[in-house]
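**Q** This structure is in structure tokens; I'll ask about it shortly.
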């Protein structure tokens, strides 16, 4: 990958989140504990959905895919962050930096489409219950996932082809704990003013359009339920509140960074802790603790595990 452009920069220095030793220690344990929670929580959801036949439905198929994606997205940055905090070595090579950027945007694009698919699933289940299984067939669910990956790859490649060919010949300090387009582009030896608009038109527009589309769709669902149930929104609101929480947590940092890709403060790098560490660990809690079917499935799994251990 080094031979793709005329760069003389072979590595970047990640400035991280703080220079304080005490803060380094706190952040190390913070990211370590949260990453363990991300791994265990999301893999537990995937395992439960696979082994429990009662969860073999469109909603939980999409949820399992979202859990895998949360784990993948977090793994693009958090392990490197933990390693940097432990070794106090914030160096990342040029190829690894470009690879990290690429996969962050692939995963981000896939997650946006998956959240749209989950919103469509809830719309169909609540507003068209009699046709739910016909519309949300196995073929439709698999198509959603395939389309999500295609969109994610196109989204990443459409920006990556511009950045990979930029010349980097001087500064190499990235103002963050991971590599991303806005921060890396600032280090290029050419004027990147036009590329800023590529970022805004791609990541910024997609983030805003998807976010507002999802919020409007959830409002539409609530209004539909309100009209049909004479003002009783409690059941629909409980069902959708978890989805709305995930959407807000995921999209707010994205819009902050990519709609204004060169902010004057460093707040953006702290906001992305939410996307890479907090949201992926909250998703399992949100979708299990607030979901009756998942709680019942967990109890069944627990009884089955205890029963098999007694037999052995």
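Using the three backbone atoms N, Cα and C, a Cβ is placed for every residue, glycine included.
Predicted, not measured: the structure shown is a model, and the values here were computed from it.
The transmembrane segment annotation in TrEMBL covers 26-47, 98-120, 141-164, 205-225, 237-258, 270-289. Here TrEMBL flags 41-287 as domain 'G-protein coupled receptors family 1 profile'.
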**Q** If I count Cβ-Cβ pairs under 8 A between the transmembrane segment (205-225) and each of 26-47, 98-120, 141-164, 270-289, which range comes out on top?
**A** 98-120
**Q** Short question: most Cβ pairs under 8 Å with the transmembrane segment (26-47), which of 98-120, 141-164, 270-289?
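**A** So the stretch in question is 270-289.
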**Q** So which residues does the transmembrane segment (141-164) touch in its own chain, when a touch means Cβ under 8 Å and the partner is 6 or more beyond its ends?
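**A** Distant contacts of the transmembrane segment (141-164): 1, 4-5, 58, 61-62, 65, 98, 101-103, 105-114, 117, 120, 181, 184-185, 195, 198-199, 202-203, 206.
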